[in-house]
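Inspection log for the structure reproduced underneath, given as structure tokens.
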Amino acid sequence: MDFQQEYIEEAKQVLKSLEHSLLELEKSPDPDQVNNVYRYLHTIKGSAGMFGYDHVERLSHELEDLFSDVRDGIRQQDDFMLDLTLHAVDILRDLLDGKDVVRESEKIIESIATIKGTAASGKGGRGAEVVNGYVVILRPDENIYKRGINFQGVLDDIQELGVCEFMIHNETVPFERQLSEKRITSWFEIILASTKSLDEVKEVFLFMKEAEYVVLAITSIDLFSSAEYKAFIALSPEMIDARERMARQLIPTLSALAEPSVVRDDAKTDDAVSVDDADEEEQQTTTIKKSKRGGHVSVSTQKLDQLINIVSELVIFRSEIQHLMGNNQRPEIAEAIEKLESLTLKLRDSAFNIRLVPLNILNVKLQRLIRSVSKDLGKEIEFITEGLDTELDRSMINALEAPLMHIIRNAIDHGIEKPEERERRNKPRKGLLKFYSYNSGDHVFIQLQDDGNGIDFDKIKAKGIEKGLLNKGQQYSEKELLNVMMSPGFSTADKVTTVSGRGVGMDVVKKEIAAIRGDIEVSTEKGLGSIFTLRLPLTLTVLDTLVVNVNESKYLIPISEVEFCYQETYTKLFAKKSRQVNYEGQLLPFVSLREYFGDDSYPAEGTVIIINKNDTRMAVVVDNIVGKLQTVYKPLNNILQDVNCFSGASILGDGSMALILNALKLNQ
Amino acid sequence: MKKTILVVDDFTSIRHFVCEMLERKGYRTLGAANGDEAYNVLIANADTVNLVLTDYNMPDCTGYDLLKKIKSNVSVAQVPVIFLTAELSVEKMKAARESGLTAWIKKPYRAETFFSEIENALSLKTIKP
């Protein structure tokens, strides 16, 4: 991203100024320079977070803290501190360059902590993280938004403080609606567990009026039954219990505190009066959130699979209803079915979405691979990524890892030249490796582009001939040669290197990609580089298919493979000995499914379906087309694994089963 | 009509980044590299700028100086000012609030909070005649 590059340049400028100020400080202490150092560190910290440089942010934050003490006269500067900070500047620079110096950075932070521990006598008790309990009672003014306060933001900030339990009181209007209408009529009781101090918690409410919030520290579990608390909320004993339970759960140290002891008697008698009121209120009180930053929930894959399974069945059931209602013309029913359809589809999409994760999770692995491979081979690589936020099914990403790594290894090993050679060719010393990813329709595309030498077709041809895969005298197109490159037992590495010579070739990559119903395409230009494009389905379980009929049996053909359909008489089809049809001036082989399945009776007319898969075309002749159906893909079990003309099975709307054709295999 | 936001940050990359993000959301943006420049841009565009979004720590004229300048000039005093800053000092923010600061977004920010704060501040100004 451009901004990021721009940012790195700017941040490095600031680091330079910082270095300069530090060197000046080394000569003689000067309050102005201390101030500068503080300001530079502060700038680095603030900006690093904006661009996601978390380690830069953390390290500069610690340093900033150190120098703020120097500035405020709490601490004296010394050589060790300056040395450490100068070293930290180098590390910050490396971090900005994306180098893996996180461990060094952590070491510096530790050293800073020891400096602080020894000299900061005035600020004791900072190190240990103690979880404190608080109760926040918020009674925002109805017009809080009009005063310029974003109440949602305040709630978010509270959640940032730690773990909390929200209780909404007086929710006569749904809270979501209050937020969207910017008219808050509810009030809130929040139990919060946070490592922050009382003052830090109060900071969140800086922009609110004093009367709108109360923050109480939970020093004892008795708080909820105390008179102080009752002044804010009248609670029944059950409600007190509930709060005590919540607080104990959130704040472990509370359990260790003394159990409730005295002064509860007078509270109890008074309670009786307010119980009715409070009960009514309790009914309107809902616990909405209990969250740890961000609001993510981790769910076991088992549960997810179960959900997907149920949703899949629902999709089938929806088809079944549609099927049963096929001839029913009652508009109300048709409308209801339509609604059901749109809801099931929405449900299905959200269910599948849960399984999707961004490709980003591969990033670290790829970067590490690139770093180690390029080091091993003495090559310099610049790795650029774009679209890492593209989402794919988790299982797909897992399956993609090995082939992607293999392609990258190949690109660095065979594609990108050594730095000296690149300089001779007027290319930048660093080879460029780009990783692009984007969504298009039902597919995700991943492209890996390098600016290396491109694929050497002469080498492939020579190797192919040597391996007996190609004939010496024959001319081959580039596409054919690429196909050879991806066929089993082909590897052009001059010697078996630890990098790409692991006995796996591009054929394995192709197979692995095909296994997740993806395609791989290669384009290359000699001397300029290559692009590997992977095309992958968004999910593996739902498939749009064409339902065809062959002698009362139904088969499914993935819609993505169907290019064209037309009707033809059998006499015409079988007129010639060779099983070929003329499509767009091209002779394509065809397979009649009746013939294939050993049926020798033919109807007068059949339907020809032109299949196009990975640019390989053929035709399949069936009796007729039944319709289009969205099916849930189920793999065939082990016994049927060898039957490769079917890729899977699915259940039709009427509950019967149909096999999914793998048409290209019919012809082999 | 598109709302105009004046973005002030001495870091060009951040300024550009914030501007682009806001423009993608459909706002018009103006940029300035420090408080003095921002004040001049604001005066020159007093009738179009709907919001000032500024960093706090900048050389020469800080965000706080800028805020005070804006609030003491009647012709632009009604323009809401938001700090986008890594500054954590409560005293400074209290002082800024007393000087008329509308909101304070901590860097780095969460996108939802960021845009809702901005929307909220912008709707403020339209309420007032």
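Numbers run from 1 along the shown chain.
Just so it is clear, glycine is given a Cβ too, placed from its N, Cα and C backbone atoms.
Just so you know, TrEMBL annotations never went through curation; they're auto-generated.
In TrEMBL, the region 'Disordered' annotation falls on A:269-292 of the listed ranges A:269-292, A:461-484. When Cβ-Cβ distances below 8 Å are used as the criterion, the coiled coil (A:1-28) is approached by residues 34, 36-37, 40-41, 43-44, 47-48, 50-51, 56, 77, 79, 82, 85-86, 89, 92-93, 96-97, 386 of the same chain, each at least six residues removed from its ends. Cβ neighbours within 10 Å of A:H42 (phosphohistidine), excluding its own Cβ and spanning all shown chains: 22. With helix defined as DSSP H, G or I and strand as E or B, the domain 'HPt' (A:1-99) counts 82 helix, 0 strand, 17 coil.
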